[in-house]
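Copied over from TrEMBL:
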type: BINDING; residues: S47, L48, R49, T50, W74, R109, H146, P147, L148, Q149, C268, L269, R296; note: carbamoyl phosphate binding site
type: BINDING; residues: E141, H175, K235, R272; note: N(2)-succinyl-L-ornithine binding site
type: DOMAIN; residues: 8-159; note: domain 'Aspartate/ornithine carbamoyltransferase carbamoyl-P binding'
type: DOMAIN; residues: 183-304; note: domain 'Aspartate/ornithine carbamoyltransferase Asp/Orn-binding'
Amino acid sequence: MKKYTVIEDISNLSEIIKDAVLLKMDPFEHSVLGKNKTLAMLFFNASLRTRLSTEKAAKNLGMNVMVLNVNDAWNLEFEDGTVMNANSSEHIKEAAQVISQYADIIAVRAFPGLSDKQKDESEQVLNSFIKYASVPIVNMESATAHPLQALADAITISELTEKAKPKVVLSWAPHPRALPQAVANSFVEMMQKLDVEFSITHPEGYELNPNITKNTPINYNQKEALKDADFVYVKNWSNYKDYGKVLNQDPNWMMTQDKLGTAKFMHCLPVRRNVVVEDAVLDGENSIVIEQANNRTYAAQIVLKKILDNL
Ligand code: CP
């Protein structure tokens, strides 16, 4: 593997899931592979799971880890040809090349602004690192994608399914703030590749990017969509068409134990209790959110291992 910025960077999904489960059984099997190699993790935005699980994954492989909260560094300029006489002190062209001298792999988290769809879809920050860095790049959640989360989700479903082809439903939920579509986008793309019966339910008008959802069935009736589901993945996203807006906060879309039934409950976390999902679900025996978060380590570890194998 040369990089992991999009799900398409995985050449064999079933193999990588199997390899991740093997790593989980023996996390230190390759503890010398990363000796004298360094991972630099750059955070333009907050994180709990991604930060800690990726650091743990790298250390399980014997790597050194450096973490930079980008807000603590010089303001970066991403546009070409700018007269840098305002707030930006350093151009990404120099920054990416400099960091490449200090690290063997660079991992980046950079959320969308959610005000300019075209700019967000250009993945300016992630693509600038891909363009100007001379080492492999890992996406720790970008403007439009969260492929490490999606890989952890695929591992979790593969481990916990009791059926050859489980029914998986992605269900929108209300939220008071405008959230990115990244987690939902990557989950959709991952489920399209996994052997599952997959559908999406959300209020009318909350369609994700049609270039991502493609032919995935969409049902505006949540109750109907959830019928006989084996896994229900709950996530809020802000409006894609009326870009970045919060147009619906209908509490009737919150996930409840009654609606969930016997299905397993998934969420990437962090989650707002009793807004996105009621306490009874998160505290109930069908919630697998903690297992999901645990698999973030092994998703990151198998990705780092495959990149290290290729260095
Ligand atoms: N799910 C996820 O990416 O969690 P963090 O935002 O805490 O990293």
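The first residue you see is number 1, and the count goes up from there.
Backbone N, Cα and C atoms are what each Cβ position is placed from, and that goes for glycine too.
Shown here: features listed in TrEMBL, placed on the structure.
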| residue | record | Cβ within 10 Å |
| --- | --- | --- |
| R49 | carbamoyl phosphate binding site | 20 |
| W74 | carbamoyl phosphate binding site | 12 |
| E141 | N(2)-succinyl-L-ornithine binding site | 26 |
| H146 | carbamoyl phosphate binding site | 27 |
| L148 | carbamoyl phosphate binding site | 25 |
| H175 | N(2)-succinyl-L-ornithine binding site | 20 |
| K235 | N(2)-succinyl-L-ornithine binding site | 21 |
| C268 | carbamoyl phosphate binding site | 25 |
| R272 | N(2)-succinyl-L-ornithine binding site | 14 |
| R296 | carbamoyl phosphate binding site | 25 |
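Mean predicted confidence for the domain 'Aspartate/ornithine carbamoyltransferase carbamoyl-P binding' (8-159): the pLDDT average there is 98. When the alpha carbons of E141 (N(2)-succinyl-L-ornithine binding site) and R49 (carbamoyl phosphate binding site) are compared, the span between them is 12 angstrom.
For ligand 1, the binding-site residues lying close by, meaning a CB under 6 A from one of its atoms, are C268; the full candidate list was W74, C268, R272, R296. Using K235 (N(2)-succinyl-L-ornithine binding site) as the reference Cα, a 10 A cut-off selects C268 from the binding-site residues S47, W74, H146, L148, C268, R296. When Cβ atoms from all protein chains are considered, those within 10 Å of S47 (carbamoyl phosphate binding site) total 17, not counting its own. In terms of DSSP helix, strand and coil, the domain 'Aspartate/ornithine carbamoyltransferase Asp/Orn-binding' (183-304) has 47 helix, 19 strand, 56 coil. Residues S47, L48, R49, T50, W74, R109, H146, P147, L148, Q149, C268, L269, R296, recorded as binding carbamoyl phosphate, reach a greatest CA to CA spacing of 31 Å. Separating the Cα atoms of R49 (carbamoyl phosphate binding site) and H175 (N(2)-succinyl-L-ornithine binding site) is a whole-number distance of 20 Å.
Note on proximity: among S47, W74, L148, R296, the binding-site residues of the record, the Cα nearest R272 (N(2)-succinyl-L-ornithine binding site) is that of S47. DSSP assigns R49 (carbamoyl phosphate binding site) to a helical segment in the three-state reduction. On the backbone, the CA of H175 (N(2)-succinyl-L-ornithine binding site) and the CA of C268 (carbamoyl phosphate binding site) stand 14 Å apart.
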